[in-house]
Amino acid sequence: MATSAQRAGAIHPAWFVFWAAFLSASIYFLLDSVGDVMSPELQDGSTTWNRIVWYVGHAVIASPILLIAPLQFMPGLRQSRPEVHRWLGRVFLGGCIVAGLLGIFLGSTLYLPGSRIPLTLLASTWVFFAAIAWQAARRRDFVNHRRFAIRAFALGGAFVWVRIINKVQGDVFSWMPTEDLQETTKEWLTLFLPIFVTELWLNWGPTAKKLFARKA
Ligand code: HEM
């Protein structure tokens, strides 16, 4: 029987490249956000209570999720230290649910009207996926647990994806007449792309491959 070290050794190199890039981007963008979180500037109409509870609460609860994610998806650790996977899993999925609920408020009240619908949908779907992943683990349905934990990660990773799109939006969307339209398009893409890529990998890709395979 293969040991966990052997199983970990079988991981595709692209896996390490992805997580190294994801972790570096997460740390970079988290450090970049510290100024925003500490800033006394509030949106018009916001109160201190509103800021501390929703905004800082969301940021503090959500941040560990990005750092825990690589550990949770590492097959070696999951198999060799199941109790660590279980505890980090509670922090990860619990964080997605609480930060997502706070994100629903933040998104639905954001000062940019065009961002409200995509952000509210994104945060609600994030909570929904994390709750299903948790319930699947409780019921020991590990196939669905894995699939929904991946989906929850893909949407939580929006913190990184949106900032990457933000870096290129001035060039990529330069043909759009206004910055507001660019912002709105960015938010819709941040909702659509993680779902599209995840489902392509988990469901649509394998189904298409099977259906388009040459008949024997
Ligand atoms: C693990 C994932 C996430 C982390 C680490 C995270 C972290 C943060 C941080 C640090 C801030 C404050 C800095 C800033 O405004 O840029 C913030 C704000 C915000 N987050 Fe998240 N977040 C995550 C996921 C999400 C998701 C999935 C949504 C979905 C809607 C969301 C919605 C928001 C909103 C609406 C704001 C306020 C933006 C503003 O006022 O300009 N976040 N988040």
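Backbone N, Cα and C define each Cβ position, glycine as well.
Annotations in TrEMBL come from automatic prediction, not curation.
Straight from TrEMBL, the features:
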type     : residues : note
TRANSMEM : 12-31    : transmembrane segment
TRANSMEM : 51-71    : transmembrane segment
TRANSMEM : 91-111   : transmembrane segment
TRANSMEM : 117-136  : transmembrane segment
TRANSMEM : 148-168  : transmembrane segment
TRANSMEM : 188-205  : transmembrane segment
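Same-chain residues lying 6 or more positions outside the transmembrane segment (117-136) and placing a CB less than 8 Å from one of its CB atoms are 93-94, 96-97, 100-101, 103-104, 106-108, 110, 142, 144-145, 148-149, 151-152, 155-156, 158, 184, 187-188, 190-191, 195. A Cβ distance under 8 Å defines the sequence-distant neighbours of the transmembrane segment (12-31), meaning residues of its chain 6+ beyond its ends; these are 63, 66-67, 69-70, 73, 157, 159-160, 163-164.
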